[in-house]
Amino acid sequence: MGRLNPILVWSLCLSLCLFLCPTSAQLKTNFYANVCPNVENIVKNVVTQKFQQTFVTVPATIRLFFHDCFVQGCDASVLVASTGNNKAEKDHPDNLSLAGDGFDTVIKAKAAVDAVPQCKNKVSCADILALATRDVIVLSGGPSYAVELGRLDGLSSSSKNVDGNLPKPTFNLNQLNSMFAAHGLSQADMVALSAAHTVGFSHCDRFSNRIYSFSAGNPVDPSLNKTYATQLQQMCPKNVDPDIAINMDPNTPRTFDNVYFKNLELGQGLFTSDQVLFTDARSQPTVKTWAKDNAAFQQAFITAMTKLGRVGVKTGSKGNIRSDCSVLN
């Protein structure tokens with residue numbers, strides 16, 4: 001067998017790495033130090049004002065970030081508005097419930113950043129969304145963490161790219177693990193990120209099957225706490241107004257904390273995809289640990305959010321910086 005050409009081997013390895021390696025190498029926490037050194041404070045001030053106007057800012061912004069990163073990566077493609085010849089991600093059925101306050105937070109933060117001459121058109125919408133997400137988590141009592149920056153905004157946004165790329169409230173553990181693993185996220189990352197539901201809210205139709213039509217023998221999901229199930233039926237009667245939404249954490253709905261895991265131990269997970277984290281023996285130990293140890297949960301959450309923020313990052317010719325977050329350049 002002849003010797004392999006070392007140049008050919010090197011080029012193959014490089015190509016493989018460019019294809020498989022995460023793009024996080026280009027991200028760094030001080031990315032804007034010489035370009036827009038005050039960007040974090042500018043964004044934080046806007047987010048704080050928005051938070052003081054409505055608490056919905058918190059879950060709306062977190063969910064917007066998650067839905068952005070899981071479809072084509074963290075590139076602000078979820079912010080793009082549809083046009084006559086393009087139905088964008090935000091108008092996919094799975095994204096229609098994204099609250100307007102999340103979009104408004106990013107738009108206002110972008111305007112504030114661009115109002116500083118030194119910063120104008122220098123900071124991406126994707127990075128502003130990442131910063132705003134960290135800020136709402138802190139404002140609601142969650143952990144602070146350094147946000148890696150340097151993402152560019154995506155060059156496209158299509159509704160069809162959303163299909164099958166967002167977790168459903170009916171998912172079991174295998175389905176959750178499979179979807180998160182596709183983005184380089186472990187089961188522990190998935191469990192930690194699920195805890196963002198500690199400040200979430202949901203429309204009744206997302207879980208009504210658990211309280212009215214779970215199965216032929218059990219109209220109410222037996223993994224659901226009986227008292228909680230009755231409360232849910234009272235808040236979400238059959239044929240309820242589809243705009244009615246309820247808190248996902250029945251105990252501390254406005255605090256980002258580990259009570260989410262304590263709720264799961266009590267059978268108070270709102271979605272099947274929440275409660276399964278406790279009922280499945282593979283993830284139950286993690287739930288039990290974090291229900292007792294908030295510091296351990298917070299550290300795991302920071303790790304998971306940092307990894308999530310690296311998903312599908314656009315750099316170089318793969319992206320640009322939008323002047324209007326809702327319009328592709």
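Cβ coordinates come from backbone N, Cα and C, glycine included.
What TrEMBL annotates here:
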ACT_SITE  HIS67  active site, proton acceptor
BINDING   ASP68, VAL71, GLY73, ASP75, SER77, GLU89  Ca(2+) 1 binding site
BINDING   PRO167  substrate binding site
BINDING   HIS197  heme b binding site
BINDING   THR198, ASP249, THR252, ASP257  Ca(2+) 2 binding site
DISULFID  CYS36-CYS119  disulfide bond
DISULFID  CYS69-CYS74  disulfide bond
DISULFID  CYS125-CYS325  disulfide bond
DISULFID  CYS204-CYS236  disulfide bond
DOMAIN    26-329  domain 'Plant heme peroxidase family profile'
SIGNAL    1-25  signal peptide
SITE      ARG63  site 'Transition state stabilizer'
Chain-internal residues, separated by at least six, CB under 8 A from CYS125 (disulfide bond):
ALA76, LEU79, VAL106, LYS110, ASP153, ILE321, ARG322, CYS325
What subset of the binding-site residues GLU89, PRO167, HIS197, ASP249, THR252, ASP257 lies within 10 angstroms of CYS74 (disulfide bond) at the C-alpha level?
none
Taking only the recorded positions CYS36, HIS197, CYS204, ASP257, which one has a CA atom nearest to the CA atom of ASP68 (Ca(2+) 1 binding site)?
HIS197
To the nearest whole angstrom, state the Cα distance for the pair GLU89 (Ca(2+) 1 binding site) and THR198 (Ca(2+) 2 binding site).
25
Near the Cβ of CYS69 (disulfide bond), how many other Cβ atoms are there if near means within 10 Å?
28
